[in-house]
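In what follows, a structure is listed as structure tokens, so that the remarks can point back to it.
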Amino acid sequence: MTTARELALQVLQSLETGKQQSDTLLHRSLHHSTLNRADRALSTGLVNGVLRYRLQLDFVIAQFYHHKLEKAAPIMKNILRLGVYQILFLNKVPDWAAVNECVKLARKYKGERMSKLVNGVLRKITPESVTLDEWLKEKKNEEQLAVKYSHPQWLVERWSAAYGNEKSEALLSYNNQFPSFGFRINRLKNSAGRFFSDPAMAAVMHEESGIDNIFLSKDFNAFEPAVIDGRLTVQNPTQALACLLLHPAPGSNVLDLCAAPGGKATFMAELMENRGQITAVDRYEQKLEKIESHAEALGITIIKTVMEDARSFMPEIHPDAILLDAPCTGTGVLGRRAELRWKLNPEMLQELLVLQAELLDHAAELLDENGILVYATCSIEPEENNLQIYSFLRRHPDFIADPVGEHLPEQFRQSNEGCGAILTLPGEHPGFDGGFCQRLRKAKG
Ligand SMILES: C[S@@+](CC[C@H](N)C(=O)[O-])C[C@H]1O[C@@H](n2cnc3c(N)ncnc32)[C@H](O)[C@@H]1O
């Protein structure tokens, strides 16, 4: 039988070669396993922990491993990472148990000689023998932070430059915490009062997010049945802000240019009381199927999906409003997507900036006078957010920033009223991911 640690190792190994995300792989492996609840939680915690802390774990292993770690087989690195993660971060697992289990895995997958090597390295690693501060004290500040919070150094340097050292350290720390889930109550089927009059739902730990009909909870499983039957949608409150900024009226005609998997399209349909039309464009057929099944579960009938490149899509009539939730680096959601921080690089950012500008330019052409354009990202990089908008406004003097309006919670209205933009940094507002949204209006047709 596959143990919790072996399952975690298998998921980590699949990530080395495949293109799928860790949560998809974990979900699939757990679905087919016979592990009990505690072991499932252990596998999940190990995969997420090893992915997040990879840089720090490798730094620690390198102090005790007397060969070139880069040259070790990926499975050896992953077994060592699993061992060190348990020793340093999981207080409930005794060190000897962590070591023994990793030695067994090394024996099974790499033979006796490698199991001895794993044993030799892991036995030397204890919370006392790991003196990170001492090892790092000669390094420059950004390098220290990169290892301490296990983030790529180029990102640490960007955030220190953009937000200063203190804020940047708070962001790094937040990204290693277990974030809450946001749940949106489907107002087409329910009110918040009615939803929580169900004693099974009321009994689960949850808190208000500050946005009507959206609450936060760490307990995904307890709310899953309500997600399946369409009373709830999983949505972080930051994602909801972009829809509230647009706030389409019932009966209006909205174009959602990068729509899948449909979290925002379905929220806009709920705000529109399922009256009017939302054209949901995305490039990928499989992703559009997700919007369709999502809308069906929620009882939404006004979303029409279109598979096309949003840089050339031409609607039959000009819409009243466009939501452009652009592809982005996702640096506002690194706490939620454990491996994403290692997949990003500065070249990718440059490519995305070009794509975002092209999408914005095409969206601008599709609006008539007084048409509304809301641009959103789940990034906290200024180039993808306010700087992207400054360039857009320079290229399109017919657009102006539009006030954020009364549909937003008070805390987001205060300082943002005039500029029409909201930036949330991860952890700054409890439960809110990082992200950006901007409301623009075409002043001249
Ligand atoms: C940030 S996600 C959108 C999330 C979505 N708005 C939601 O709330 O669920 C960006 C989407 O843009 C799509 N995309 C990327 N490039 C595109 C393009 N050139 N044309 C249309 N869609 C594109 C991706 O497939 C992805 O689904």
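Any Cβ shown, glycine's included, is placed from N, Cα and C.
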Which of these, Asp320, Asp325, does TrEMBL list as part of the S-adenosyl-L-methionine site with Cys258, Ala259, Ala260, Pro261, Gly262, Gly263, Lys264, Asp282, Asp309?
-> Asp325
Mean of the pLDDT scores, which run from 0 to 100, over the domain 'SAM-dependent MTase RsmB/NOP-type' (160-443) = 95
So among the recorded positions Ala260, Lys264, Cys378, who's got the most Cβ atoms within 10 Å?
-> Cys378
Cβ distance under 8 Å to Gly262 (S-adenosyl-L-methionine binding site), same chain, sequence separation 6 or more: which residues?
-> Ala280, Lys290, Ile291, His294, Ala295, Ile303
Cβ neighbours within the same chain of Cys258 (S-adenosyl-L-methionine binding site) - under 8 Å, at least six residues apart = Val281, Asp282, Ala310, Leu324, Asp325, Ala326, Pro327, Leu359
